[in-house]
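Pulled from TrEMBL:
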DOMAIN    600-664  domain 'CBS'
DOMAIN    697-755  domain 'CBS'
TRANSMEM  68-92  transmembrane segment
TRANSMEM  153-175  transmembrane segment
TRANSMEM  227-243  transmembrane segment
TRANSMEM  255-279  transmembrane segment
TRANSMEM  328-350  transmembrane segment
TRANSMEM  370-389  transmembrane segment
TRANSMEM  441-461  transmembrane segment
TRANSMEM  468-487  transmembrane segment
TRANSMEM  515-540  transmembrane segment
Amino acid sequence: MGSTGEINGSGNLMDFLDEPIPDVGTYEDFHTIDWLREKSRDTDRHRKIANKSKESIWEFIKGLLDAWSGWVVMLLIGLLAGTLAGVIDLAVDWMTDLKEGVCLSAFWYSHEQCCWTSNETTFDDRDKCPQWQKWSELMVGRSEGASAYVLNYFLYVMWALTFAFLAVSLVRVFAPYACGSGIPEIKTILSGFIIRGYLGKWTLLIKTVTLVLAVSSGLSLGKEGPLVHVACCCGNLFSGLFSKYSKNEAKRREVLSAAAAAGVSVAFGAPIGGVLFSLEEVSYYFPLKTLWRSFFAALVAAFTLRSINPFGNSRLVLFYVEYHTPWYIAELFPFILLGVFGGLWGTLFVRGNIAWCHRRKTTLLGKYPVLEVIAVTAITAIVAFPNPYTRRSTSELISELFNDCGALESSQLCDYINDSNMTRPIDDIPDRPAGPGVYAALWQLALALIFKIVITIFTFGMKIPSGLFIPSMAVGAIAGRIVGIGVEQMAYHHHDWIIFKNWCRPGADCVTPGLYAMVGAAACLGGVTRMTVSLVVIMFELTGGLEYIVPLMAAAVTSKWVADAFGKEGIYESHIQLNGYPFLDVKDEFTHRTLATDVMRPRRSEPPLVVLTQDSTTVEDVETLIKDTDYNGFPVVVSKESERLIGFIQRRDLLLAIKSARQKQDGVVSSSVVYFIEDAPQSPASSPQSLKLRRILNLCPFTVTDHTPMETVVDIFRKLGLRQCLVTRSGRLLGIITKKDVLRHMAQMANQDPESILFN
């Protein structure tokens, strides 16, 4: 510091950077963070705190508070995410039922809550009570007949259109980022990309409100993906309370990884599945410390949701099931067939949805999002109302399909022909022949399956919050239940066949159709998202079916194999590609034999690389350079002749440093020389004051030689999260490779359009 004092004393050189400049080291919107720089800044911060904590007891306490701040943030995220999920669940229940009728004793009660409070409800007619009236009863005093049906139909469609219109209008006007599922963008943000406002307060508020409206409108979408976005918004909100996270983008991403786990925890009531989902599906950098914190955040969120008890069944989930019969080895064949169906549906959905979204982006359709939402809602509501399985909310449909047929079930799916001499215990009912209700239900389910497959392709990606988990599970659950009933009836009528002989005696309860629905749901969700481990854990936490892990694993793995045979990308990766986000997927393999020199810029036909010199560039030169180019940073060399590399400086830091110097220091003018060296020479008294910017220069930029294989370069970019890497030969600077260059090169090698890697 002594030498700096002497130089400052001479009045010719200014090292104003001994004071930190506001905003240096921050990033602009739609730029990638420098993971290495953020990591080293955090290490410096830790070192300072550790040294200071030895000075006094107060500093020691501050150090302890800093260490605990991570757990405090997790606690707050869990509490807020759990509360919001509970409120969303209750509001969706009420507004979904509002399309069909209203509770006279308290209009804010859903159908189920209304009949709970009634003293006149019988067990057989537990859905009917005088307090709950359909719109036709309220308006024309009739619940049956053509006029009542038409009125109910009309009002169902009108409510659906109202909810959808409100949702799309709120998103459009107040928070355009609140649309979609949010998971592709969160994956991109966690990989180090900055999208300002995507996790902001407005997005949180609007997404929460419009999610309720969108799900209640009856569209083929779920709330699970958007709940991950909501939880990440909570994480971003609470990160701002502590400078440890608000000033370090890499640390903030650790919080967001844990918040994603809390989001899945409350979406499915699956805390462990949430942690695994964050690890397998969304996170880019997931150290062990983040694993523990994710676990804690998911635990707090699940506990908060359980305290609210939105489903009134003291469970975290709507789909809790208890099956009374084990599964048998012979059943693995239909389970694997369901896995194949899931893989094929996943491929169809990904390709169809991406083609439709691409069309939306490139044609006039994209200019009328409100009209598109209204049209899809109208078609959905008009087609859905006549079929009882599509009229109800998708969650209720899945719940019914998962259910085992007990003696007290009144569902059409349980309309079996009973043996009058049956004296078995209530929960162990033998396989029985299907009655007319089951056959009617099968037809309706087959129609519902076709409808769901088609409409979900057009629904996902519209300008409203839309999750994918529940519609995918519904497709699988319908297919699974149909297969389950088929196997059950086959076992009943042909129990002497060799495949049934060993395990299915006449009069025994052999086949559980609900289990097939559960396996089908897992297979279809796996086919669309390509999840495996987290999917199986989520499914058994969701349903409580711990002993059915093997069928779930078989179906999940089969669906992934089948879907991967047609294309490696799941729906989230495909949407990342469609939007051109700069995301380097860790799962992708790069197998081409190209070298760094093939990818670096400038190419032979291009002008030479723009560089700064260490001691001969003026402030005016730097400002002209920044004005004339749009590069994110500049290499600094000894001189343009030698091209020996000194370091790398970020464009934003350079701009802020010069602006701050001009404001705070007299004598810094356009002709002032900028020095990037430690000991700058003394300037004559007559010359303008110089500017020393060595403090903001990155003296150890990552470099590779021109003969480094691109396979290694891609690996370095992935594992270190680099923004750019300089190419040298014998210490001389040759060129630069940025993350976008790597992505363009990978697209080119995969015969895709390299220009699609520009963020749109």
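In case you wondered, yes, glycine gets a Cβ from its N, Cα and C as well.
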Long-range neighbours of the transmembrane segment (227-243), counting only residues six or more past its ends (CB under 8 A): 69, 72-73, 76-77, 80-81, 84-85, 88, 181-183, 185-186, 189, 199-201, 203-204, 207-208, 211, 252, 255-256, 258-260, 262-264, 266-267, 282, 301, 465, 467
Chain residues in Cβ proximity to the transmembrane segment (441-461) (below 8 Å; excluding those fewer than six residues from its ends, i.e. six or more beyond): 180-181, 219-221, 345, 348-349, 352-353, 356-357, 360, 376, 379-380, 383-384, 387-390, 397, 412-413, 415, 468, 471-472, 474-475, 478-479, 481-482, 485, 571, 575
Stretch-level contact, the transmembrane segment (468-487) and the transmembrane segment (68-92), CB cutoff 8 A, at least 3 pairs: no
Recorded stretches the transmembrane segment (515-540) and the transmembrane segment (68-92) touching, at least 3 CB pairs under 8 Å: no
Summary of DSSP states over the domain 'CBS' (600-664), given as helix, strand and coil counts: 24 helix, 17 strand, 24 coil
Any contact, the transmembrane segment (255-279) to the transmembrane segment (370-389), with at least 3 Cβ pairs under 8 A: no
Helix, strand and coil residues within the domain 'CBS' (697-755) as assigned by DSSP: 24 helix, 18 strand, 17 coil
Model confidence over the domain 'CBS' (697-755), averaged pLDDT: 89
